[in-house]
Amino acid sequence: MSHSISPIGHVRSCFKEKFAIPRQPQLAPAATGVLELLPPFDTGDAVEGLEQVSHVWLIFLFHQALEDKPRLKVRPPRLGGNQSMGVFATRATHRPNGLGQSVVKLEKVEPGRLWLSGIDLLDGTPVIDIKPYVPYADIVPDAHNAIADAPPSSIAVHWSDEALRQAHEHGLRLCQPVRELVGNASPRTRARPTRSRRPSAAMACACGTSTCTGTTPPMARSACWTCNAPPTETSLSPQD
């Protein structure tokens, strides 16, 4: 028997490429995104009461890892990609039905939009369902996992003055807190800042929305998040 499911919305994420995404949610608290709900879930009725919740579970599709033939064994990155395990013993993206789940922080609730942080989702990810995180039920005090018994190791990031300047410029261009993202990322997601080829600028819209506050989703798209109008650039001076 087969079942058909349809997305209730899509995530607009700061992660545009799958190879830069943290392996688990909450590893990069500064990673932000917006879940844009589709009709009929975009009227506000479906999210009424959700403002009382701090975190939510997102059930989603690994839309860039869907396969016709299911894999019985996978090579999880945590084991260096050299050891295979049964797919059900891992959180690998290659799932029998392409389903994933992440618990993320709910920053703000609006009709048709949920503002999120601590995400590990690719831009455009289809979301199948939303469920509130319930601490007394979702926390299992005596749970254990011998495969992943500790968080991934962190690598200290030492910023030179030039790297800080570049991070600031890229942060303004991308409307993302680059320094915080790099500092909170897991080893797989760390990247060396590169020289900017354009002057730093902030993206603003005629509707008055400013997107370079470090708390809003990226403006690396052709329209404003609020009113869907094309953005304009406003030059800013770098801050050390």
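Yeah, the Cβs are placed from backbone N, Cα and C, and that goes for glycine too.
Since we're looking at a predicted model, the values are computed, not measured.
Feature annotation from Swiss-Prot assigns S-adenosyl-L-methionine binding site to Pro22, Arg23, Gln24, His63, Gln64, Arg91, Leu122, Asp123, Gly124, Thr125; the stated evidence is similarity to another entry. Look at Leu122 (S-adenosyl-L-methionine binding site): DSSP puts it in a strand.
Taken from Swiss-Prot, the feature domain 'TsaA-like' covers 5-142, and the record attributes it to sequence analysis.
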So which of the binding-site residues is most packed in, judged by how many other Cβ atoms lie within 10 Å of its Cβ, out of Gln24, Gln64?
Gln24
Between Leu122, Gly124, which of the binding-site residues has the fewest other CB atoms within 10 angstroms in the structure shown?
Gly124
